[in-house]
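The next block holds one structure in the form of structure tokens; read it before the comments.
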Amino acid sequence: MTTPALLPLSGRRIPTLSPGAASFPHHRATLRLSEKFILLLILSAFITLCFGAFFFLPDNSKHNGVRANSVSNVTRTETWSGCSPCSAWVILRDKIRVDHERALQEAKEKLRKSRDELRAEIQTEKSKVVEDLKKKKEVPKPLPPVPMPKVVGVNDGDPVEPDVKEKRDKIREMMKHAWDSYRQYGWGHNELKPLAKKGHSTNIFGNSQMGATIVDALDSLYMMGLHDEFKDGQEWIEQNLDFSVNAEVSVFEVNIRFTGGLLAAYYLSGQEVFKVKAVQLAEKLLPAFNTPTGIPWAMVNLKSGVGRNWGWASAGSSILAEFGTLHMEFVHLTYLTGNPAYYQKVMHIRKLLAKMDRPNGLYPNYLNPRTGRWGQHHTSVGGLGDSFYEYLLKAWLMSDKTDTEARKTYDDAIEAIERHLIRKSNGGLTFIGEWKNGHLERKMGHLTCFAGGMFALGADGSPDDKAGHYLQLGAEIAHTCHESYDRTVLKLGPEAFKFDSGLEAVAVRQNEKYYILRPEVIETYWYMWRFTHDPKYRQWGWEAAQAIDKYCRVSGGFSGVKDVYSSNPTYDDVQQSFFLAETLKYLYLLFSSDDLMPLESWVFNTEAHPLPVLHSSCLVNFCSCLSINH
């Protein structure tokens with residue numbers, strides 16, 4: 001008799017007969033002999049199936065109400081009270097059938113609905129989720145009460161001279177035109193395209209619309225007595241300004257424009273909403289400091305807290321003027337919140353820089369936040385470096401001249417700048433060049449023109465009785481920058497100008513001939529006016545105001561121009577937020593009396609947002625908050 005062969009089939013082995021063999025009787029006999037075994041095998045498989053279904057089928061009782069719960073309870077009760085596994089299977093089968101029928105019925109009902117009805121349902125569910133999330137959000141802790149610094153000179157400033165008052169009124173009218181145009185065509189956007197008459201934004205604000213112009217302009221509106229416009233801005237901020245957005249922003253730009261603007265609006269108006277919003281933003285900026293050295297990233301995502309640096313900055317470096325322009329705002333944040341973290345972050349930066357070697361006593365513009373080493377050896381008092389030096393001086397002033405460490409650091413830096421960067425041209429113009437890898441580039445940027453005002457502001461308190469020297473240096477820089485305006489067709493200054501090859505205070509490259517409504521020259525005029533009361537500074541300021549009104553004004557606001565040497569310039573179609581925050585504010589102050597924003601009581605941040613001096617009574621509270629938290 002032929003023996004059955006064992007052949008593989010899909011991983012299993014089954015008996016197979018050889019072809020033509022008379023093996024059938026033997027096979028039947030084998031089945032009879034193993035009949036009990038096979039029946040037991042089938043029974044055990046069935047029992048396993050029943051119990052598997054009972055234990056592993058999903059329990060829908062959570063979703064199907066009372067009836068499902070009762071079926072489930074019956075199933076468990078009967079099974080454990082001696083009912084056969086088959087009875088349990090029947091109950092489970094009925095339960096599954098009911099659930100299945102219900103699901104089919106719900107699906108049919110959904111399919112009968114129109115697309116609009118389905119969208120409405122989805123939106124309703126989304127709204128419920130959003131509301132639930134809002135309810136779950138923790139209520140922010142109230143900020144501690146702190147004594148308000150003495151606020152003086154907010155509503156004063158009417159000039160005695162009728163012609164000066166007329167000029168100041170003209171500046172207010174220009175401010176109203178800029179604001180009204182933005183209000184009409186760009187409301188809620190960061191900036192305005194005045195020719196296209198629509199909103200505008202740049203990468204410094206990420207992809208978000210945070211109303212930069214509104215926040216930047218608030219204190220200017222308040223100073224100028226445009227209180228209805230101020231209220232409109234306040235209402236927008238209360239209802240719309242949200243920093244919990246997925247946007248990657250410039251830490252520096254958002255700090256000076258938003259944090260500074262909101263703090264200034266708070267101190268001027270006393271409205272709590274501005275302080276609350278400033279603190280909310282500051283909390284979003286703190287993750288930028290999470291670097292190996294504590295030097296913050298240039299950009300941070302407001303939602304995720306992830307930071308990074310500009311791709312173009314020397315091998316991934318942070319920029320001196322950016323991480324060095326946080327002190328004023330962060331000191332006030334610690335004062336208002338009692339949270340020492342803000343103060344500690346900026347003091348850590350100062351201490352780190354104090355330990356580092358500086359080539360020729362100069363601060364390079366680039367510092368790697370990972371390694372703590374300088375990047376490219378490029379030093380500038382203009383772009384990339386400027387406001388670092390400004391904030392050293394203003395930290396001293398804002399502390400009521402008690403932060404002597406800041407003053408000493410400023411004095412040392414200015415001494416090195418004088419030695420290596422400041423020169424006189426062949427025509428007798430004093431300029432500030434740029435140091436690049438051991439070589440002085442005889443070029444000065446419009447941004448550098450702020451330094452005239454800085455030298456004048458820092459003259460009092462200079463070492464070795466050099467107050468007169470620095471006031472004179474400020475006057476010389478103001479004169480040079482005025483020449484850069486006066487030597488153009490439009491009487492507006494170019495972005496940068498050179499002092500070589502027989503050309504002085506004139507732009508050479510086409511891409512340096514533009515004017516984008518910048519304030520730095522007018523800023524210096526104002527400081528020089530305050531410290532000297534020389535009428536030429538008001539005259540120069542009025543020349544600039546007239547040129548702006550003539551060549552930059554359009555029906556939809558004010559626009560920068562691409563070539564100040566052309567009698568028919570083309571527009572860049574951008575009304576910068578700093579035009580309302582700085583340029584028009586400094587012009588207004590220039591034609592106001594010294595009673596408006598006296599410099600003994602106010603220090604202006606680099607975006608022209610005034611913050612009060614923390615006099616001795618305030619400093620007691622500030623220092624106590626630091627000692628308590630240490």
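For all residues, glycine too, the Cβ spot is worked out from N, Cα and C.
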If you look at what TrEMBL says, which of Cys449, Cys552 makes a disulfide link with Cys481?
Cys449
My understanding is the cutoff is Cβ-Cβ under 8 Å with a sequence separation of 6 or more in the same chain; which residues meet that for Glu520 (active site)?
His446, Leu447, Thr448, Cys449, Phe450, Cys481
In the structure shown, with every protein chain counted, which of the active-site residues Asp386, Glu495 has the densest set of Cβ atoms within 10 angstroms of its Cβ?
Asp386
How far is it from Glu253 (active site, proton donor) to Thr606 (Ca(2+) binding site), counting Cα to Cα, in Å?
10
In sequence order, which residues at least six apart in the same chain have a CB under 8 Å from the CB of Thr606 (Ca(2+) binding site)?
Ile256, Thr325, Asp386, Ser387, Glu390, Tyr391
Confidence summary (mean pLDDT) of the coiled coil (97-128):
73
Using a 10 Å cut-off, grab the number of neighbouring Cβ atoms around the Cβ of Cys481 (disulfide bond), all chains included.
28
Work out, from DSSP, the number of helix, strand and coil residues along the region 'Disordered' (138-162).
1 helix, 0 strand, 24 coil
Out of Glu253, Cys449, which of the recorded positions has the smallest number of neighbouring Cβ atoms within 10 Å?
Glu253
